[in-house]
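> Below are the features I grabbed from Swiss-Prot:
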BINDING   Cys211, Cys216, Cys219, Cys229  [2Fe-2S] cluster binding site
DOMAIN    1-89  domain 'FAD-binding FR-type'
Amino acid sequence: MLPLNVTITQITEESPLVRTFFFDHRFEDMDPGQFVMVWVRGVDEVPMGLSRNNSITVQKVGEATSKLFELKEGDSFGLRGPFGKGFTLPSRGEKVLLIAGGVGAAPLSPYAEAASAAGAEVHTILGARSAGDLLFEWRFEALGDIYASTDDGSKGVKGFVTDVLKGLDVAAYDRIAVCGPEIMMASVFRLLEERKVLEKAEFSLHRYFKCGIGVCGACCIDLSGLRVCKDGPVFSGIQLLGSELGKYSRDASGRRIKI
């Protein structure tokens, strides 16, 4: 699949290191949690979750994202997708808990809106380093209860999302969706396993992608052969039992590295 050339229509600075890029194309058939391959000309092609059907939200962490931060309204980049398996939408009347850490709030925000539109009750645990880093807080607040945690205590609970989670009756929720740094997700995974509600949970994983369509195998996890780009990026908690979640990732050569 050749990249679709899109033009930037608006750039919103969410924080000093996070920006949302709106573009002149809508992926009307996207499933919340799916990703696109973003082609930054002359640099690289990298996977990113969609924060709306016409936007990506980018954290400046490397060469490709740094180059994106140099772009202005009217500039263009390439997109392939959407790819992969998204989050499972709830049924009317179900109670959903979202657990987002940092920029992991980006793919969870359209899921929250879709879940609410489907008639579900949506609650969110939103974690970040400080109050100014709580991404899309207003979008989640518009849909239901929100619980914040910050590393520095500038808003909500001082600590991590797990500190908030420990105080909730997780058994009362029908579905739990998690996205954020893998160390955070691994901590949430262990807590949900202890509470015996892992079968209700889905986790969005990030791995090094090359093709994005399940051919090259660069993003396979463990010995299971599960491909993050094709079988995921969203996996059920049961699928991840005994996996390398929170322990290992892989570099561009496919070598397993400690997280």
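Just so you know, glycine gets a Cβ as well, placed from its N, Cα and C.
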> Could you give the mean pLDDT over the domain 'FAD-binding FR-type' (1-89), rounded to a whole number?
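Value for the domain 'FAD-binding FR-type' (1-89), mean pLDDT as a whole number: 95.
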> Tell me, how many other CB atoms lie within 10 A of the CB of Cys229 ([2Fe-2S] cluster binding site), whichever protein chain they belong to?
28
> Please list the DSSP helix, strand and coil residue counts for the domain 'FAD-binding FR-type' (1-89).
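Helix, strand, coil within the domain 'FAD-binding FR-type' (1-89): 6 helix, 47 strand, 36 coil.
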